[in-house]
Amino acid sequence: MKRIMLFLATNLAVVLVLSVVLNIVYAVTGMQPGSLSGLLVMAAVFGFGGAFISLMMSKGMALRSVGGMVIESPRNETEHWLLETVGRQAQQAGIGMPTVAIYEAADINAFATGAKRDDSLVAVSTGLLHNMTRDEAEAVLAHEVSHIANGDMVTMTLMQGVVNTFVIFLSRFIANIVASNDDEEGQGTNMMVYFGVSMVLELVFGFLASFLTMWYSRHREFHADAGAAQLVGKEKMIAALERLKMSHESQLDGTMMAFGINGKRSMTELLMSHPPLDKRISALRSQQY
């Protein structure tokens, strides 16, 4: 219940902040909210603003959502190994030392998040630590470090911002046309039609746009695998992916899943955030990304 309330409060705060920003933009530019340019600005503020605020808050939100425990002073040999391995890989990749955390989960997984290359988070599940060899776990950590080094969080946020902007703009634009054709029904009915149509269209356009964002996510996974192979060797990365084929399905959600080592299965590859494991293994063996 606390987690739900925190989620709702956070989203309400984001909406209020973006509303204030939008009104300031309108006041400074003299732009009319009901104009086409005003609609586009509103879509951009909420489309990009929401995506970037989520990115800025991603470390804290990710840790809270999975109940992650940050390793500050290693309490055992495993935690010491995690810090030492991530630190060495971060130095090799030319990034700052990420915050390292462990979270309780049966699935073999890990994820990276954070707004900056030098202020990021790498978290691993207890399932990964219990079920993978050190070589396999090292490859998974290298995969996450590669995501950070490649700047995948920022590029995915930029893409999501563009997608959000067009989804909001097109939905509201079409809804406005539909509602304006019902002038004889009265102002109250027009507003209901407008919001009803815009909500339906946002769902439809958002679903269609997910094909693009998932394609890009799969594309970045191949490059993160390649980066991991450069850091620890191709055979270790292949061994880690082979191990994942026998694991539980990912329990991560949202951006954590997008930058995890293991994704959710889907009826169609087009809606998967990660390529099929066999394709990832084949790409590593052939070195074709």
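Don't overthink the numbers, they just go from 1 along the chain as shown.
Heads up, the Cβ atoms here are built off N, Cα and C, so glycines get one too.
Taken verbatim from Swiss-Prot:
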- E144: active site (ACT_SITE)
- H143, H147, E221: Zn(2+) binding site (BINDING)
- 4-24: transmembrane segment (TRANSMEM)
- 36-56: transmembrane segment (TRANSMEM)
- 158-178: transmembrane segment (TRANSMEM)
- 192-212: transmembrane segment (TRANSMEM)
Handout entry: Recorded stretch, among 36-56, 158-178, 192-212, maximising Cβ pairs under 8 Å relative to the transmembrane segment (4-24)
Key = 36-56
Completion exercise
Cβ density check for H147 (Zn(2+) binding site), other Cβ within 10 Å (all protein chains) comes to 28
Fill in the blank from the handout: Cβ atoms other than its own within 10 Å of the Cβ of E221 (Zn(2+) binding site), all chains, total 27
Fill in the blank from the handout: Counting only residues at least 6 beyond its ends, the same-chain positions whose CB falls under 8 A of a CB in the transmembrane segment (158-178) are 36, 39-40, 42-44, 46-48, 50-52, 193-195, 197-199, 201-202, 205-206, 209, 212-213, 216
Practice task
Would you kindly give the Cα-Cα distance separating E221 (Zn(2+) binding site) and E144 (active site), rounded to the nearest Å?
Solution key: 10
